[in-house]
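The structure follows.
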């Protein structure tokens, strides 16, 4: 692997050209833009390894003179044992290449990756500033609540900002000092061959500061445990598996960082009569064979406030036929109208007949005509045709 080829630059490229090419390729292959893509992850590590060497004048001179396995390359060459296999190292190189653009609350990554850079710890927050953890709760709704929308009150446990120290963790301003070991950065940088390795400062735990006079209420944590009631407005049309995001209702952040979020996961109970399919409702309607033959008008249940609607069943309807009632289904959760009520007709054959009923049916059978049963007649015609062909 030639580092110049990896970055797509010539051997006489200036530091600015090398940096420009690296930044373009690193953004292209960054894992946040290519989730689950092993080839992109490999390329991201390769361009980071190449930039780590070519961006340093001393390493570049040694590489130009001796190649990857030069006398200053370390035990496994410039890339260590088998190259830059650690994604953390590659990401650190990436952050270093963009310099001050990580400031302003991570705005660079929010613009580049839609905020996904936070998953790799790329927020531009001060040392020790940690966003509060997000919380998740599950809520079960009745079928009717999901259809009409409802407000629920939830009891949520977590952490809130200490009101005594306002989240600083110290009893007074004088009770906080800059960490002497890391000089406020929260990290200790060590050189390993040609690479620089950063690790969390053991003195301050990565916060960049040391509390000498802790707050008595939160014991220096800046947060205290808390339980609170949260009102959640559930929109009409939700379904099982959906979730609602309530920004800022999670645990309080530390050292000025924002609070986490609250995720409400929805589960909807089954209904004894209706079945849901998207925004449509399915109702199984059993009817007798007389009603199926003669037709009828039937009051059927709905989820609307009226509770019932009148359905016309045409004469001669067959079992399995679906009748549509417009705009009597579930409301769309995004406010785009309602679904339909789909009534699936099931013609029930009578059972446990008395002798009188059986006799009436036998008399009826003597009056049957072929046009009364078009499917039956069509089937018999097919059978006749089949045996005629077979005989030939």
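We count from 1, first residue shown onward.
Cβ coordinates are placed from backbone N, Cα and C, and glycine is handled just like the others.
Okay, these came from Swiss-Prot:
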{"type": "DOMAIN", "residues": "2-67", "note": "domain 'J'"}
{"type": "ZN_FING", "residues": "149-227", "note": "zinc finger"}
{"type": "REPEAT", "residues": "162-169", "note": "repeat 'CXXCXGXG motif'"}
{"type": "BINDING", "residues": "162, 165, 215, 218", "note": "Zn(2+) 1 binding site"}
{"type": "REPEAT", "residues": "179-186", "note": "repeat 'CXXCXGXG motif'"}
{"type": "BINDING", "residues": "179, 182, 201, 204", "note": "Zn(2+) 2 binding site"}
{"type": "REPEAT", "residues": "201-208", "note": "repeat 'CXXCXGXG motif'"}
{"type": "REPEAT", "residues": "215-222", "note": "repeat 'CXXCXGXG motif'"}
Mind pulling out the one from 162-169, 179-186, 201-208 with the most Cβ pairs under 8 angstroms to the repeat 'CXXCXGXG motif' (215-222)?
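That would be 162-169.
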Around residue 162 (Zn(2+) 1 binding site), how many other CB atoms lie within 10 A of its CB?
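Around the Cβ of residue 162 (Zn(2+) 1 binding site), 20 other Cβ atoms lie within 10 Å.
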Please list the DSSP helix, strand and coil residue counts for the domain 'J' (2-67).
47 helix, 0 strand, 19 coil
Grab the pLDDT values for the repeat 'CXXCXGXG motif' (201-208) and give me their mean, rounded.
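Result for the repeat 'CXXCXGXG motif' (201-208): average pLDDT 86.
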When secondary structure is assigned with DSSP, how many helix, strand and coil residues does the repeat 'CXXCXGXG motif' (162-169) contain?
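So the repeat 'CXXCXGXG motif' (162-169) is made up of 0 helix, 0 strand, 8 coil.
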Hey, which bits of the same chain come close to the repeat 'CXXCXGXG motif' (162-169), Cβ under 8 Å, at least six residues off its ends?
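Distant Cβ neighbours of the repeat 'CXXCXGXG motif' (162-169) are 176, 211, 214-218, 220-224, 252-256.
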In which DSSP state, out of helix, strand and coil, do we find residue 182 (Zn(2+) 2 binding site)?
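Residue 182 (Zn(2+) 2 binding site) sits in coil per DSSP, no helix or strand.
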Using DSSP, how many residues of the repeat 'CXXCXGXG motif' (215-222) fall into helix, strand and coil, respectively?
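Split into helix, strand and coil, the repeat 'CXXCXGXG motif' (215-222) gives 0 helix, 0 strand, 8 coil.
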Three-state secondary structure of residue 201 (Zn(2+) 2 binding site) from DSSP?
coil
